Amino acid sequence: MTSEGKPDTEKPVVEPSISEKSDIDLYSFHEQAAGRLVIDPEEARVEFGEAVASRLKLSRDGTKVLWPQPTDSPDDPQNWSDRRKSLLLIIVTLAAIVPDFDSGIGIAAIFALAEQYHTTPNNINNLTSNWSIFLLGWGGLTAVMAIRRLGRLPVLFWSQLLALGFLVGCTFAPDLKTFTAMRCLTAFFGTAPQVTGLYIVTDLYPFHLQARMLNFWTMGFIISPFLSPFAFGFLVARTSWRWAYGIGSMYGLIVVLLIAFFMEETMYDRNVRPIPDRPTTGLRYRIESLVGLTGLKMQKYRISWAESIISPFHVVWRPHILGVLFFEALLFGFGIGINVTNAVFLGSPPPVGFAWSPFAIAGGYGTPIVGVILGELAGRFLNDFIMNTSIRRNKGVFEAESRLWACYVAVPLYITGFVVLGAAFQKHLSPGAIVMGWGLAEIAIMLNTTAVYAYCNDAFPKHQGEVSALINLARTLGGFAVAYFQVPWAEKNGALQTFGVEAAIVAGLFLLIVPPLQLKGRALRKKFSLH
């Protein structure tokens with residue numbers, strides 16, 4: 001037996017593939033199972049037979065079978081130390097903050113940008129914020145096509161380097177057209193960590209730890225669009241908006257340096273027989289992996305470019321992911337909408353807004369930050385509780401649909417948050433009402449998004465990148481256009497109707513999609529999953 005952080009010290013297993021029942025490749029069995037995993041060692045003896053079960057590597061406490069099964073190689077990321085894994089997870093989470101953090105700088109600077117370029121705040125939103133959000137999704141889809149061929153590290157490095165260059169372009173843009181182009185290109189290239197993270201989490205951690213680590217990584221990109229309005233709202237109120245983009249560029253530079261000096265390639269071709277060795281070693285391997293030369297050498301072991309490009313389209317139409325993508329698109333999308341438009345609601349004069357000062361608006365963006373952190377802490381325990389309870393009830397077997405029980409907690413919080421926030425804007429209630437409504441909405445988005453990522457990852461264990469890219473695309477397509485209609489709708493019919501209808505749409509989709517998926521998901525996985 002081995003821990004998830006230590007290589008096995010017993011005699012190496014060359015081909016752990018024969019049981020009393022059939023041939024089983026333990027290194028790729030978790031992908032063949034597609035959402036149904038035997039976690040309890042006793043149940044493994046029943047299902048696989050004693051010969052195979054005796055070879056299974058278990059968690060440190062001996063209570064859970066590790067999926068994927070670690071190999072005996074020290075190059076296998078599953079065998080790396082906890083400290084090494086944690087460092088890589090922190091770096092990719094800091095990188096995942098970059099795209100929405102950069103996009104959110106425009107929220108803090110919206111009134112200053114309108115003044116600089118002699119236009120209105122709504123026009124700035126429509127030209128820059130909305131289209132940059134739109135391109136976040138398509139950038140992630142493009143990135144994952146390259147990751148399947150070249151690896152995680154070079155795509156992460158080059159995407160962040162290019163995003164940094166375009167953000168510097170935003171900082172010094174002489175006119176609105178240049179600023180718009182630079183901001184959109186920043187979003188397109190910067191979004192790679194928001195799809196790379198799911199790959200890296202599953203590369204590093206066994207199944208029973210993945211939801212907890214996904215919760216941490218997800219927190220990074222959910223909290224990121226609020227960090228920049230919160231931090232830079234105070235700055236822009238005192239000095240030029242260009243300083244906000246300049247400091248954002250400094251953060252991007254820090255991320256690029258962390259990737260260059262400390263990030264490692266986690267892609268491990270465990271499905272190839274025999275598993276290929278690294279083409280080089282030492283510093284040369286480090287440099288070649290960073291710039292992509294190692295990925296070019298390893299392409300012969302991986303799927304073709306044509307398969308890599310078409311793979312997301314093979315995944316997206318599967319019924320057990322299509323519905324949940326649509327549900328997450330609108331749930332997260334309306335959340336993006338309130339992030340973009342709340343600055344307008346808070347800063348506009350009555351009767352639409354509160355006429356808050358730039359300092360007060362910046363302080364208001366502390367609310368969703370606290371909400372996301374609370375959601376991360378709650379999700380950390382909720383997802384583990386759901387997983388462990390499900391395994392016990394299923395006699396040691398985990399079924400992917402149990403992940404969706406977290407949605408039953410998230411959706412009522414979401415409805416409450418949106419209704420309270422709408423009432424606060426329409427009735428001009430106290431700031432406490434805004435804080436409660438906005439905070440509850442963000443807790444719900446955090447809980448629900450982690451559940452969706454975990455479910456889709458479990459249901460398509462061979463296609464983490466495609467899953468991540470499709471969820472990223474869904475949430476951006478669901479949210480980029482909300483700012484176009486949210487403020488005009490509230491001006492005409494009141495914010496309570498606007499936010500109430502949005503919450504009702506999400507509740508309706510939840511009832512139409514999640515319970516039926518839990519009932520029929522296992523059959524759909526058997527019929528439509530990709531192995």
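The backbone N, Cα and C atoms fix where each Cβ goes, and this holds for glycine too.
Going by TrEMBL, these are the annotated features:
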type	residues	note
DOMAIN	88-518	domain 'Major facilitator superfamily (MFS) profile'
TRANSMEM	87-111	transmembrane segment
TRANSMEM	131-148	transmembrane segment
TRANSMEM	155-174	transmembrane segment
TRANSMEM	180-202	transmembrane segment
TRANSMEM	214-237	transmembrane segment
TRANSMEM	243-263	transmembrane segment
TRANSMEM	321-345	transmembrane segment
TRANSMEM	365-383	transmembrane segment
TRANSMEM	404-425	transmembrane segment
TRANSMEM	431-455	transmembrane segment
TRANSMEM	467-487	transmembrane segment
TRANSMEM	499-517	transmembrane segment
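Beyond the transmembrane segment (321-345), the same-chain residues lying 6 or more positions past its ends with a Cβ under 8 Å from any Cβ of the stretch are 104, 107-108, 110, 121-122, 125, 129-130, 133, 225-226, 229, 315, 352-354, 361, 364, 368, 404, 411, 414, 418, 421, 425, 438, 441-442, 444-445, 448-449, 452, 455-456, 459-460, 467, 470-471, 474-480, 482-483, 486-487, 490, 495, 499, 502-503, 505-506, 509-510, 512-514, 517.
Under 8 Å from some Cβ of the transmembrane segment (214-237) lie the Cβ atoms of residues 89, 92-94, 96-105, 107-109, 112, 193-194, 197-198, 201, 243-244, 247-248, 336, 339, 343, 357-359, 361-363, 365-366, 368-369, 372-373, 375-376, 379-380, 383, 442, 445-446, 449-450, 453-454, 457, all in the same chain and six or more residues away from its ends. Taken together, the residues of the domain 'Major facilitator superfamily (MFS) profile' (88-518) have an average pLDDT of 89.
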